[in-house]
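**Student:** There's a structure below that I have some questions on.
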Amino acid sequence: MSFFHTRKYKLILRGLLCLAGCFLMNSCSSSRGNQPADESIYVLSMNRMICDCVSRITGDRVKNIVLIDGAIDPHSYEMVKGDEDRMAMSQLIFCNGLGLEHSASLRKHLEGNPKVVDLGQRLLNKNCFDLLSEEGFPDPHIWTDMRVWGAAVKEMAAALIQQFPQYEEDFQKNADQILSEMEELDRWAARSLSTIPEKNRYLVTGHNAFSYFTRRYLSSDAERVSGEWRSRCISPEGLSPEAQISIRDIMRVVEYISANDVEVVFLEDTLNQDALRKIVSCSKSGQKIRLAKSPLYSDNVCDNYFSTFQHNVRTITEELGGTVLE
């Protein structure tokens, strides 16, 4: 029976998510804090989306630490005191790649480093998914599509097993369990988001972090083939929220909202809200437009990666007039 099908299992799921959140908060230690109990094996992940998955694979076999945590923009992160030491003491370093860690200080320590596992580059090399780009730059937000991120999890497991073959059985068993859960979440997300009326399937967000999500969950098969799925999402900022937003950017989104009768725009947890508030205020008179009640999480997580994905699915489904299926 599906894990989401009954009210009983709904309650069980929420309880498990709370426990998982507590577990993951402890298993992915902040790079700013606690000394490990076992100093022999360290694995460093560049962000929580990666670390939450790596820690599920490794369990307590290694000490997992995360470099970029909390409400910090991974696009613009510059290394601080202690980061170089954390990289030096780690046997493996997992990065997202695809231009996410693009600051000069990070590139200096990641590029050419034999300990680095570049997940995005591995997916590109295998050509197993059509990875996206915008104006010639790769889109790094692969964790918003559960299928693509599942392929990244397979690469995490493969790298961990290669580095620590003594734990192969445990790591593979844990990875298989995670992948099974991710397949279930992917099906649940697709079913829930498909209940949104087609005329409402337009996603307006703070920056262009939800293209993978839109292609997978808000578009038809025909739109994915033709590329017309791109018309289902828009934002005033590009792939990275570092650039200044111009009046032209704002008016471009205002016209999109008007043309597609969009009624809801979505704030993002770590982004400045001024641009979207201006967009709402600039909308044409008589048009109903409002901010979503809850922000989305794009470049960070709330409790952990898995509950964050569920939060985004629930928020988008409910705000756009669909029904969250349990």
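Any Cβ shown, glycine's included, is placed from N, Cα and C.
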**Student:** Given that Swiss-Prot annotates His75, His141, His207 as Fe(2+)-binding, name the residue from Asp299, Asp303 that shares the site.
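**Tutor:** Of the residues offered, the record points to Asp299.
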**Student:** Can you tell which of His75, His141, His207 has the least company, meaning the fewest other C-beta atoms within 10 angstroms of its C-beta, among these binding-site residues?
**Tutor:** His75
